[in-house]
Amino acid sequence: MSQTGPASGPNAILVVNAGSSSLKFSVFRDRADGDPVVVINGQISGIGTQPEFEAKDAARRPLAGKRWGADEPGDRTALLRYLLGWIEEHLEGATLIAAGHRVVHGGVRHAAPVLLTEAVMEELDGLVPLAPLHQPHNLAAIRALAEAHPGLPQVACFDTAFHRNQPWQAQMFAIPRELTEEGVRRYGFHGLSYEYIARRLPQLAPELGDARVVVAHLGSGASMCGIHGGRSVDSTMGFTALDGLPMGTRCGAIDPGVLIYLMRKGMDAGGIEKMLYNKSGLLGVSGLSNDMRALLESADPRAQEAVELFCFRIAKETGALSASMGGIDAFVFTAGIGERSAPVRARVGDKLAWLGVELDAAANEANASRISAPGSRLPVYVIPTDEEGMIALHTRKLLTGR
Ligand code: ADP
């Protein structure tokens, strides 16, 4: 049964981001007069081998930990039952009203989050071929949670949804129409992150509400998005999360002729997939590491080349996205590298000098929220992203209407 909380008590929302062997979760407490606030973060890792549970409070102080034996790998339902039990004990008077999930693919139909029903789940199952590495794990967590707590409403928030209303030219490949109609088109990802930034930027800089903004989400997965007046206009990721920028281990944009060449050499789809997703990008170019920190510290010329290629491609995509928007009024860095790597931001800033970018070195070193110099023609911001917060907001809206 659905839990409807006491009218006077606060509501809590569980946010889930499920991968192949790990499940990250956050618990948000709703507030009548503002956005939900996170009170617990945690994860279950080692699912299928030797699961381990850990939870921390909002100040990142450990709250709990548990390790299961290697002889009890645990099915997802049992693990989620454990998690829900633990959360119930730590709600401090609040009532869990729903779970919001990060789901990678919503296909062409979903331009907004959706309350999950069996019919919607069947439809999302049909999108597995479009995102075989992520979608099945997202859906497995939803099914396991439904078994562990049948009455709890669940909401899917899609990485693709924010990009669904891009102009058609940004969504279409120049391939035979039947393939486009079958769903072979550009979807774009990291949508929850971009949506959060589109909401946050005008709070920091009200004059940028209608602006044309290039946002660089630079994490272990990396992409960029052109946002005009809060709406996605174009993005660097396309049919899959492989397109666009080089990433930790993914290649980014590549001439499809390379794939034909590799196939003619005898590589099969599995081998090509493994190479392009897991052995390319910063790792492939440096031969050393997929971690930007390690590359910046390394004196190896291949590490320096990997960093340079990453920054070059960010600058190049800035030009492309600006052209899609007919101009650029602001630039935003976000995610792991974007939020914390002053050297990468400085290098990208240098390459964008032609657009009028001039960074304030001290502000950049300090990861300040505005890092451009007062006289910079283009303002540049660093905004920590919050995909979980965005999921909590969407879930609350679908459940309570506010
Ligand atoms: P994910 O995409 O997995 O959510 P994040 O957005 O947290 O990841 O980004 C992770 C990446 O950020 C790491 O792989 C690392 O390369 C990079 N990173 C984190 N901190 C720094 C830092 N101080 N300097 C440079 N790179 C960093």
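Just so you know, glycine gets a Cβ as well, placed from its N, Cα and C.
Any TrEMBL annotation is an automated prediction that lacks curation.
Annotated features in TrEMBL:
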ACT_SITE  Asp159  active site, proton donor/acceptor
BINDING   Asn17, Glu387  Mg(2+) binding site
BINDING   Lys24, His217, Leu218, Gly219, Ser220, Gly221, Asp291, Met292, Arg293  ATP binding site
BINDING   Arg102  substrate binding site
SITE      His190  site 'Transition state stabilizer'
SITE      Arg250  site 'Transition state stabilizer'
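Among the residues Lys24, His217, Leu218, Gly219, Ser220, Gly221, Asp291, Met292, Arg293 said to bind ATP, no two Cα atoms are farther apart than 23 Å. Cα-Cα distance from the residue listed as 'substrate binding site' to Asn17 (Mg(2+) binding site): 5 Å (rounded to the nearest whole number).
In sequence order, Lys24 are the recorded positions from Lys24, His190, Leu218, Ser220, Asp291 with a C-alpha within 10 Å of the C-alpha of Asn17 (Mg(2+) binding site). Screening the recorded positions Lys24, Arg102, Arg250 for a C-beta under 6 A from any atom of ligand 1 leaves none. Neighbours of Arg250 (site 'Transition state stabilizer') among the recorded positions His190, Ser220, Arg293, Glu387, defined as a Cα within 10 Å of its Cα, are Ser220. In the three-state DSSP assignment, the secondary structure recorded for Asp159 (active site, proton donor/acceptor) is coil. Note on proximity: among His190, Leu218, Asp291, Glu387, the recorded positions of the record, the Cα nearest Asp159 (active site, proton donor/acceptor) is that of His190. The C-beta environment of Glu387 (Mg(2+) binding site), restricted to residues of the same chain at least 6 apart in sequence and closer than 8 Å, consists of Asn17, Arg102, Leu192, Ser193, Tyr196. Note: the Cα of His190 (site 'Transition state stabilizer') and the Cα of Leu218 (ATP binding site) are spaced 10 Å from each other. Sequence-distant contacts (6 or more apart, same chain, Cβ under 8 Å) of Leu218 (ATP binding site) comprise Leu245, Ile314, Phe333, Thr334, Ala335, Gly336, Ile337, Gly338, Ser341, Val344. In the three-state DSSP reading, Arg102 (substrate binding site) counts as strand.
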